[in-house]
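Novice: According to TrEMBL, the feature region 'Disordered' maps to 1-20. As annotated by TrEMBL, domain '1,3-beta-glucan synthase component FKS1-like' applies to 422-536. Sequence annotations record features per position, and here TrEMBL assigns transmembrane segment to 582-599, 649-669, 681-704, 801-828, 1555-1577, 1612-1630, 1700-1717, 1800-1817, 1829-1849, 1861-1883, 1889-1911, 1932-1953 (among others).
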Amino acid sequence: MLILNRVPPPPVTKRGETGRTVSKRAIKSHRVVEGEVSSARYSNPVRVPPATPVKPLQLFRVRYRFKTLGFRLRSERMSRVEHLWERLVHAALRSEKAGFDAFGQPVGGIAGNVPSSLAKNRDIDAILRAADEIQDDDPNVSRILCEHAYSLSQNLDPNSEGRGVLQFKTGLMSVIKQKLAKREGGSIDRSQDIARLQEFYKLYREKHKVDELREDEMKLRESGAFSGNLGELERKTVRRRRVFATLKVIGTVLEQLTKEVSPDDAERLIPEELKRVMESDAAMTEDLIAYNIIPLDAPTITNAIVSFPEVQAAVSALKYFQGLPKLPGDFSISATRNADMLDFLQCIFGFQKDNVCNQREHVVHLLANEQSQLRILEETEPILDEAAVRNVFVKSLGNYINWCTYLRIQPAFSNPEDVNREKMLLFVSLNFLIWGEAANIRFLPECLCYIFHHMARELDEMLRQQIATAQPANSCKSENGVSFLDQIISPLYEVVAAEAANNDNGRAPHSAWRNYDDFNEYFWSLHCFELGWPWRKSSSFFHKPEPRSKNLLKSGGSKHRGKTSFVEHRTFLHLYHSFHRLWIFLFMMFQGLTIIAFNNGHFNSKTIREVLSLAPTFVVMKFCESVLDILMMYGAYSTTRRVAVSRVFLRFLWFSLASVFICFLYVKALQEESKLNGNSVVFRIYVFVLAIYAGVHVFFSFLMRIPACHQLTNRCDHWPLVRFVKWMHQEHYYVGRGMYERTTDFIKRVYLPTYGCGAAREQIKPLVEPTQKIVGFTDLKYSWHDFVSRNNHNALAVASLWAPVVAIYLLDIYVFYTIVSAVVGFLLGARDRLGEIRSLEAIHRLFEQFPHAFMDALHVPLPNRTSRQSSSEDVEQGKFDAAQFSPFWNEIINNLREEDYINDLEKELLLMPKNSGKFPLVQWPLFLLASKIFLAKDIAVESRGDSQDVLWERICRDDYMKYAVEECFHSIKFILMEILDGEGRMWVDRLFEDIQGSIAKKNIHADFDLSKLPLVISRVTSLLGPLKEEEKPDSVRGAVNAVQDLYDVVRHDVLSINMRENYETWNLLSKARTEGHLFSKLKWPKDAETRAQVKRLYSFLTIQDSAANIPNNLEARRRLEFFTNSLFMKMPAAKPVREMLSFSVFTPYYSETVLYSMAELQKKNEDGISTLFYLQKIFPDEWKNFLARINRDENAQDSELYDSPRDVLELRFWASYRGQTLARTVRGMMYYRKALMLQSYLERNAAGDVEAAISSDDTTDTQGYEFSPAARALADLKFTYVVTCQIYGIQREEQKPEAVDIALLMQRNEALRVAYIDSVETLKDGKVQTEFYSKLVKADINGKDQEIYSIKLPGNPKLGEGKPENQNHAVIFTRGNAVQTIDMNQDNYFEEALKMRNLLEEFHTDHGIRPPTILGVREHVFTGSVSSLASFMSNQETSFVTLGQRVLANPLKVRMHYGHPDVFDRVFHITRGGISKASRVINISEDIYAGFNSTLRQGNVTHHEYIQVGKGRDVGLNQIALFEGKVAGGNGEQVLSRDIYRLGQLFDFFRMMSFYFTTVGYYFCTMLTVLTVYIFLYGKAYLALSGVGEQLQIRAQILNNTALTTALNTQFLFQIGMFTAVPMVLGFILEQGFLRAVVSFVTMQFQLCSVFFTFSLGTRTHYFGRTILHGGARYQATGRGFVVRHIKFSENYRLYSRSHFVKGLEVVLLLIVYLAYGYNEGALSYILLSISSWFMALSWLFAPYLFNPSGFEWQKTVEDFRDWTNWLFYRGGIGVKGGESWEAWWDEELAHIRTFGGRLAETILSLRFFIFQYGIIYKLDVQGQDKSLTVYGLSWVVLAVLIILFKVFTFSQKISVNFQLLLRFIQGISLLLALAGIAVAIALTPLSITDIFACILAFIPTGWGIISIAVAWKPLVKKLGFWKSIRSMARLYDAGMGMLIFIPIAFCSWFPFVSTFQTRLMFNQAFSRGLEISLILAGNNPNTGI
């Protein structure tokens, strides 16, 4: 079908030959004559009808349209397909006329869609862009360019084997065909193409006046009038670049064509004059070369960044220095720069060109910023300071130096102090070049140290040999040339990738494959040098594992190399292994307190002897630890260092002997003490041995664990004994060394264990006497056949009492930590002044202090600012502070308006005057002064009898009223003086002198009639009205009349002064007024300051309403409150932008929403509610503000907006900025650049004197600051934003809307950079192979993607978890000293961006022994207002990210990285493994591992709350559950990790406890909270079913033993629930105030927050426990959208069945059993005992439906039931998903049970269900008093009969009709026999109706137990042939459970008020109204039934 298919494959050209021969042959095979396209393969010409000319950018999407139509390339259908192709082309042309393509998308083009496999030749894209540019000028030339582009693509991929190449060529040929069809006549003579190009080149230059373009731009640039001409400058710069870019392309094509036509005569074919012109024009395109931040390969005067001295010095420092070998002659370097040391490194090691370019800029950027922090260099010949170079050297190679020190090897550069400047830069460059091309190996920092070590040695040796010309290094040399990637990185990548491929997509056990940590830790020992250099690939390290077996019955793996140092076995024992000191402490404390309690608190010799039993306990538990060391190391013995293995076995031997010996001594001592005449010799020996052992152990523990002793032990490291003891005490790792803090910080943490002693004692004491009584009972009668307790002191009865107490004891320290940390956090927050400004009233009250606080906190320190003493100087100081503060405040307000949080009136009221005028006072915003003039007027009018002092004192009671009066006084005088002249000015001078004189004499009441003030105000207002308009005759006449009326009122009505003192003046004025020439001419206000004052005074005198509630929007209020509050908080002083630390922002993105499309916004749910409608109702004020901003009426219909594309785009952005979209994140992060531009723009006069600054009119003028070249360049030097859109290349090729939206974001934000992974298909050895590239792009001058860097990767970069791999591939494109990690569901605010430079200074602030490496930042959850669930999540998250993390950072020092938006010390982390870890599954919570890694590598994590970043959270219950499940699963994986183990081992004891309870311990305690309920209820069930509980209660009453009764009736859940709510309450109080906190908390309770939090408890418990037992943790895509959709019953059932419903019904079953068979003293006793358990069970069962939108509407309930039954009974099959069939879902639910250990654990846990049958069966009336096992055996017979009946009734064999009839007959007979048997049994035996229900209660859990065990051993059950029966039983159980849950929901749905209540409960009031309106408007909508 395609024209391309007619082209025979061209011959392969030899290396070095041009490809034009191929292209000519290809083109010649398409001989084009008038209206025809002939073919070499097809003789019949194809007529081409004349067509509209088409641009190259018009037709490319045709191939996608073509592909979607399903056409295939078939040669036998050529004619028909070509006909369809022509139709499609014309359809595309018709779309083009409308501005959209065939898909309805904005027109894109073929130029922007060059396939990635052709992207190596970047000329293709440029040529096609130029062809599009000149299409209208000369289609023939455009055709020539397209043909040349086709030629280039044919050369690159002759056989069209790359992905998308065939379609690309086809589309391109169609473009050429359309261009040829436009000809009017004559044949094509391609020999004239060169002449046409030459002629067109000249014409194009003349048309665009090329010679004048650059001169005009330079004149405009040199004029300096930026503020007025910035827009014109930008326009001319873009135009110049486009013209010269087109000329460059034409010139390049012309040169290539001449070489192809005649290589020998190529020079002659182009005239010399034209050649000189082309060279001159080409030199003008130097700034068109793609660059990132600093144009190093294309120096340009248009970018101010190259004019900074520090940048020039950094570039100069990298130049070639004497001693470097010369570069080979064939080594190419850009003609626009000189060779430097990175070129030398590229030459000898074979680094990729783009990697070198990237790292050249990186190093220059680092050096320039380091220099600017030291001092600003001179403008002429700047040279970097030695200190700047050394600082970069030490930071960049710090990890390498530490690695060499640890391994005790000599660094490549010997002594770092002796390295000269040039070598330091050479080594830094080499290090970053290695890192920049290492790809996935960047996760192996010590492996990179090894590579650097050897390459630096090679480099040093080469320099030492002083060779003349650079030679390739041996390590990187191969037959195909020199390549660092191929020779060094690829071998490592291949073995890492092979191991990753062997993990079975995360399902394989961690112990079966090597992850990133295993590979990296291999380089922690000298054994790594066995790998040699170059690589010794025969080493076992490089051995690839064999593929794993697919046999599901096998849990093991294949043959593989063992792991390194640590094995992540899946077991709960890791909790003990990692935190054994905690468990030893807890166990020993419980044992000791129990001993004391049983001795009634007496400390006698007996008590002491028993307390000394703690010693055997200690050594036995240490022995258990040593056993675990051996077991946990299994799988790593072959590869772990022999020293480490020896240590493990030595510790095992030592603790084995110690435990045996001490236990033996203690037992012997007890035996001797029991004898009547026993002596105490053995006991004394025991005590003596114990004292020595304990003393030595305590002594060494102090030396190892107490911070103050660390330095002492480090100094003694050279002593072998000390080293041996330290080695035995703790394994020596490369990480984790020296993990100690200051002694003061250590002391702060010594509080956790204190509570445990008291709490445990109070819990244990009441149980002592009951335990003794129960043990003493020997005649208790059991109601069942007892196996254990009867002859064993009633052991199970005692256990049922003690088990809940033990569980609560383990929880108590966590509860105590929660309370204490909340109190400490509250106090720390109060100390930091959080929450001082929490209302608008506080903003009003304290606004006067804001300018001064702003100058102290956020402005750079200014000289002479604080040295003023007099009152007048204080006024000047305040005015100066206000003048500096106002531009920042006004920019904040402007941004609030742009974000539609305030309207235009509010903006006017909130804006602050510049304060740069001559008023002797500070002018405050109008919202502070509004209506104050009218209040002052009323006071003045009413004060006739008061003195002037009293009047002024009354006005001064309100400071802002005083300021309003003073400003009004000065403003009226200023305006009148500006508009009047001559007599008018004389009147003004006289009048105001008289007023001031009267005030001085305190005679204001006598000289002026203040009652006439209203008249004066009205006349002034009448004057100001016309003055604020443009000058027109009517306005002038009105102003003249108004000022004359004002004169008359003042002269005749107000003035009462004695005019004789100034008789001449007043007489002259009266005469002028009488003659009519007074005020006849006015000077109309022209300048901006006067006009601003007129408008401001007019507002003063017209706004009579108070502005106390401005702004009205709650979000605007919150932001202003937090910003102004933060001004008073302690933060480091800000440095000038030039001297601040540079930073990057880094956002990973996959495929989430970028920008909402109109289709998404308009799509309605089943209720007729669209997302747009939802947003309009949730944010009604913001919607009105938006309509006003785009000049639309607020009552306009939505459809009216759709007429304007601009308004549609604005609408999409408005909606996207209120969701969790990438657009919102990008807008927020770009505020950093905006803030830096404003700050740098306003700092230009800051270094001068204050008076000089005040005298300057434009000191605080911010007009056009965003276009200032210097401000933009400085902002770009300090700030970089990289969004790593992993699959952007694929999205772009597939024309996904996400790609279009990302491109739009790049166009709107010039500093935005997008990194992505591109895959390119290439032909190698006859096979198509995929190559991967890491690319960085930006928007070019045409708004298209411009590729900056393209760095080849060794393979597919996604070997581990997606997000960290996505971050890792793009981190090489970040810049600066710091990097802030931001998720794509976050936001930022301009006012917060102003504080970023303060935050960065925290890196230089004292925060402990070590400088900070991660700066924690406060988050604000902006989704809290969406629904009640969102507010619960918001409050929970806010409590953690503020109060919680505040305490974790200080004093506990255990804050980690809990996701974004933390700020990393970038160089520290990129040289130590990156900002996350990526191993599959184990690092699924990748963020926190950055904190672990930073802490283990002697970093320091802090937390700061004077700055905040917005964050979105999940807003629907299902989203929240998925998120919490992901986090809980991630914590389950953390339990297994080596990071947790090492931190638990290496922290001091108290820091370890804090760390435990804030990481995995939190989730373990959460799970233990639920287990406590289970333990309690199962204990109660045991006491009830065994009959022991009833007897104990009776005997307690007989014995009057209240302690026993208390023990039996203990309930703890309320206690835990109350305590854990403390942090949230205290957080509310701190930041909202006590009253608002109480209201918020009570409101949450009414919104059923307790139900939500209880439900979340079950979610975390389920996923945490299941992950540790079975694994299966994975990333859950939660959606992050708006929840306006009703979730179907079946969907909720699938999600929560196993995590909540089964467990909730089990609790209900236990409670029913206890109610039926327990002994309770009335209903009240049972209720008090079980209410919290009932609450938990009901919350787990019904919360998903309670928080489900429209969950109780009858119509939806009916539809849900139908959907659920369809799902339940639909049989699965191949390809059927779990959402469609119960059977498919059930199989998915069982997929996590894969290992033998997991099957065994599930079996053991399932045994609990059999206790019900065993207990209940002995309670039946039918069994009488028989307690033999026969009764239990008969019950199994009955159960077997029931199962057989079930099989009979569910049997459905499709054989024949006769068999079906027989089956129905058998089923009927069986039913009758069963019913008859039951009736006979009831009539003839003691069997009762109650017994039948009891049997049901007994058999239901037994059946579930059978099912649970069967699914655990699914492969075995399948082999036995029972699987279908088990599946049928499971379906029955799910049907029953579903009905139990559904019936109450259906019942509630009968009552309409329930649905109304639920809607009000879930959503705010505005949306509830909107929902009802929409239901009414929906009318006949069939999906909207009420």
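From the backbone N, Cα and C atoms, a Cβ is placed for every residue, glycine too.
Unlike curated entries, TrEMBL annotations are predicted automatically.
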Novice: Please give the sequence-distant neighbours of the transmembrane segment (1700-1717): residues at least 6 beyond its ends with Cβ less than 8 Å from one of its Cβ atoms.
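Specialist: Contacts of the transmembrane segment (1700-1717) (Cβ under 8 Å, skipping residues fewer than 6 from its ends): 1570, 1573-1574, 1577-1578, 1580-1581, 1584-1585, 1655, 1658-1659, 1662, 1693, 1726, 1730, 1733-1734, 1736-1741, 1743-1744, 1812, 1815-1816, 1819, 1894, 1897, 1900-1901, 1904, 1937, 1940-1941.
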Novice: Treating G and I as helix alongside H, and B as strand alongside E, what does DSSP give for the domain '1,3-beta-glucan synthase component FKS1-like' (422-536) in helix, strand and coil?
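Specialist: Split by secondary structure, the domain '1,3-beta-glucan synthase component FKS1-like' (422-536) comes out as 84 helix, 5 strand, 26 coil.
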Novice: For the transmembrane segment (1932-1953), give me same-chain residues lying six or more residues beyond its boundaries with a C-beta closer than 8 angstroms to one of its C-beta atoms, as numbers and ranges.
Specialist: 1689, 1693, 1697, 1701-1702, 1705, 1741-1742, 1745, 1751-1754, 1756-1757, 1761, 1764, 1768, 1782, 1786, 1846, 1903-1904, 1907, 1986
Novice: Under 8 Å, at least three CB pairs between the transmembrane segment (801-828) and the transmembrane segment (681-704) (pairs 6 or more apart)?
Specialist: no
Novice: Quickly jot the same-chain residues contacting the transmembrane segment (582-599) by Cβ under 8 Å, restricted to those at least six beyond its ends, or write none.
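Specialist: Counting only partners 6 or more residues beyond its ends, the transmembrane segment (582-599) has Cβ contacts under 8 Å with 575-576, 606-607, 610-611, 613-614, 617-618, 621-622, 753, 756-757, 760-761, 764-765, 768, 772, 806, 809-810, 813, 1549, 1552-1553, 1556.
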Novice: Kindly state the mean pLDDT of the domain '1,3-beta-glucan synthase component FKS1-like' (422-536) in the predicted structure.
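Specialist: That region's mean pLDDT is 92.
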